[in-house]
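Straight from TrEMBL, the features:
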- His40: active site, proton donor (ACT_SITE)
- 33-40, 150-153, Val179, 187-190: ATP binding site (BINDING)
- Gln64: beta-alanine binding site (BINDING)
- Gln64, Gln156: (R)-pantoate binding site (BINDING)
Amino acid sequence: MTDAPGGVQVVRTPEDLRAVRQGLGPVGFVPTMGYLHEGHAALIRRARQENALAVVSIFVNPMQFGPTEDLARYPRDLDRDLRVCAEAGAQVVFTPDAGVMYPPGFSTQVSLTGVSEPLDGAARPGHFTGVATVVLKLLNLVQPDRAYFGEKDWQQLAVIRRMVADLNVPVQVVGVPTVRADSGLALSSRNSYLGAEQQARATVLSRALRAVQAAYAAGERDTARLEQAGLDVLATDPEVQPDYLAVVPPDLQRQPTVTPDSLNRVLVAARMFGVRLIDNLPLDPTDPVPAALPPGGPA
Ligand code: AMP
């Protein structure tokens, strides 16, 4: 256990984590893969506001990366991350080694059907199994009262809500709105792979999502035609290789037509300049985002 600048306690083992966790009142937890930005800071600030102790984990989880994905080059800067954590009000940072999380003989996977299957589940086989497994481990290690996840990763949030409900994990899952640059680009650690000009081009994703919102506002209710409005915007930049652009209700299962008031979301994933980017928006910006899991489907 060490004290980093800004008074953050850095913890690397489950035993030390248990020691700092003990006896302290409500704990808010923010799991991350590091290379923190304002989006992560918003989660941390929220965790600190609503709890006595804010714990952040920084762990680039090998289990959620496919064999051809960017695990090896995923950006890392622990010193900078600790400063962001301190500034945002985190008191504890848990940053375990991969060998601590996955010791020899590790054999368990948490795998979901339903919400984890379409979209990123189809595009990244095994990804959500890796996410669910590490998040359940981290929740068991930290034992927080509340855990904070970004709406930026909408399907991930749905998967976590489903897992927590299905497995009776005693934690409140809190979704936090996406933080964007002024340009509209959703903040992401992976944006660091892109230069300024490329980041400007990447705003095509959020512009595509807004085009779908506009088509919905104009009265379109056919899912394929709504999606086409977004795909047309993506097609304006030849650099974009779309993985999917989909309008889905909270259970993530695409329907031929959208029903107003059913909290539909439009999600996009696309590769640009060799980087896979994702983003999403509510189909109807006036929709409330449900804080809890409705019966039969994750929010
Ligand atoms: P990551 O480090 O990418 O695994 O993200 C850690 C957490 O931060 C996840 O819950 C993400 O959804 C959340 N997050 C990432 N980017 C943003 C953003 N731009 N706005 C809000 N939350 C975000």
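Even glycines carry a Cβ here, placed using N, Cα and C.
Just so you know, TrEMBL annotations are computer predictions that nobody has curated.
Cα distances from Gln64 (beta-alanine binding site) to the binding-site residues Leu36, Val179, Ser189 are smallest for Ser189. The Cβ of the residue listed as 'beta-alanine binding site' has 21 neighbouring Cβ atoms from other residues within 10 Å, across all protein chains displayed. Between the CA atoms of Gln156 ((R)-pantoate binding site) and Ser189 (ATP binding site) there is a gap of 16 Å. Taking only the Cα positions, the spacing between Val179 (ATP binding site) and His40 (active site, proton donor) is 9 angstrom.
Around the Cβ of Ser189 (ATP binding site), 19 further Cβ atoms fall within 10 Å across all displayed protein chains. Sequence-distant neighbours of Met33 (ATP binding site) (same chain, six or more apart, CB under 8 Å from its CB) are Ile58, Phe59, Val60, Asn61, Tyr74, Ser189, listed in sequence order. Note: the CA-CA distance between His40 (active site, proton donor) and Glu151 (ATP binding site) rounds to 11 Å. The Cβ neighbour count for Gly39 (ATP binding site), using a 10 Å radius over every protein chain in view, is 20. If you draw a 10 Å sphere around the CB of Glu151 (ATP binding site), it holds 19 other CB atoms from the protein chains shown.
Val179 (ATP binding site) counts 18 other C-beta atoms within 10 Å of its own C-beta, drawing on all protein chains shown.
The Cβ of the residue listed as 'active site, proton donor' has 27 neighbouring Cβ atoms from other residues within 10 Å, across all protein chains displayed.
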